[in-house]
Amino acid sequence: MELVITDSAAEAGVLAGRIMADHVRRGARAIGLATGSSPLGAYRELIRQYREEGLSFAGVQAFLLDEYLGLPPDHPQSYRRFIRDEFTAHVDFADSDVHSPDGNAADIPAAAADYEQLIAANGPIAVQILGIGTNGHLGFNEPGSSLRSRTRVKTLTPKTRADNARFFAGDLAQVPTHVLTQGLGTISDAGHLLMIATGTGKAEAVASAVEGPVSAFCPASILQMHPHVTVIVDPAAAANLRAVDYYRFAIANKPAWQSY
Ligand code: GLP
C-alpha cells in the first residue's frame, strides 16, 4: 500500500485523476468509478486531460460501485445520473459503456448476479477509484460486510443515510434505505485500488482502514489485503495516522522508475 499525503484536497484530486488517466493511456479495458464528493476532483482532472491533452475513453467500459434501490434512473441523485452529470457526459464515453447496478430491477438478486457477470465479461477493471464513508464503508459495504462479498443488496446504516442526506436537500426521509453494491470481493478483483479521502471528517476512518486491524467492521480495511493500493489523503484526512513521517519519507524517496 502506498500512502500519499498531498498539500491540499485539490492536489489530491489532480493526482488521483492523473493516475486514472495513466491507466487509460496504457490501454485499460475497464475502469471503476465511484460517486460521492471525494472523486470529483479526479473527474475534473480527467475532463481537463480529455479537453486539453487528447485523453480518450473511446472503447473503455466504466463500472460504478453501487446504486440506490428504487430511485428513478433520471433522479438527480441516482448514481447512474450522478456519474453522467459529473463525469462521463463531459468526455467521449459512450453512454452504453457506462454501467451501474440496476436499482429498479424487479428481481434484485438477479440484477446483482447480472452485474457481476457484466464485470467478469468486460474486466478486469484496471483501476477502481474509491471514497471512504465516515464509518469506513467502501462503495456501500457497510460495517459487517463480508470481506469476500460480491454484488448484493445492503441496508444503509443510519449514519450513512444521515451523511448522504445533504445530497437530498438535507431531507433524511428522501434517502433510500437499501442499495445494490459491488462486494468487497468484487472491488478487490480490480488491478489497482485508488482511494481518495479529504477533510477531518475522514481522518478516523482513514486511520482505521490503513493502520487498524483488517476487520469486516471497517470494510475499507480490505485494502490491506490487496497487492496494489494507493491511498491519497490531504493533511486533514491524514491527521490520525501514526506513520505519517514514514509515508512522507517513502514518497520523497520514491525511485524515479516507479510509477503509482
Ligand atoms: C457514499 C458512496 C461511497 C462514497 C462514500 C463517501 O455513500 N456510496 O462510494 O465513497 O459514501 O462519500 P463522500 O465522498 O461524499 O464523502
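The backbone N, Cα and C atoms fix where each Cβ goes, glycine too.
According to TrEMBL, the feature domain 'Glucosamine/galactosamine-6-phosphate isomerase' maps to 18-225. The active site, proton acceptor annotation in TrEMBL covers Asp66, His137. For Asn135, Glu142, the entry in TrEMBL reads active site, for ring-opening step. Annotation source TrEMBL lists site 'Part of the allosteric site' at Ser145, Arg152, Lys154, Thr155.
Everything TrEMBL records as a feature, shown here on the structure.
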residue : record                             : Cβ contacts under 8 Å, 6 or more apart
Asp66   : active site, proton acceptor       : Thr35, Tyr79, Ser100, Pro101, Gly139, Phe140, Val179, Leu180, Thr181, Gln182
Asn135  : active site, for ring-opening step : Glu142, Pro143, Thr157, Lys159, Thr160, Ala205
His137  : active site, proton acceptor       : Pro143, Ser145, Thr157, Thr160, Pro219, Ala220
Arg152  : site 'Part of the allosteric site' : Pro109, Ala112, Leu180, Thr181, Gly183
Lys154  : site 'Part of the allosteric site' : Phe140, Asn141, Glu142, Ser145, His178, Val179, Leu180, Thr181
Thr155  : site 'Part of the allosteric site' : Glu142, Thr177, His178
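Taking a Cβ cut-off of under 6 Å from any atom of ligand 1, none of the recorded positions Asn135, Glu142, Ser145, Arg152, Lys154, Thr155 qualifies. Averaged across the domain 'Glucosamine/galactosamine-6-phosphate isomerase' (18-225), pLDDT in this predicted model comes to 97. In the structure as shown, the Cβ atom of Glu142 (active site, for ring-opening step) sits within 10 Å of 22 other Cβ atoms. DSSP assigns Glu142 (active site, for ring-opening step) to coil, not to a helix or a strand. For Ser145 (site 'Part of the allosteric site'), other Cβ atoms within 10 Å of its Cβ number 24.
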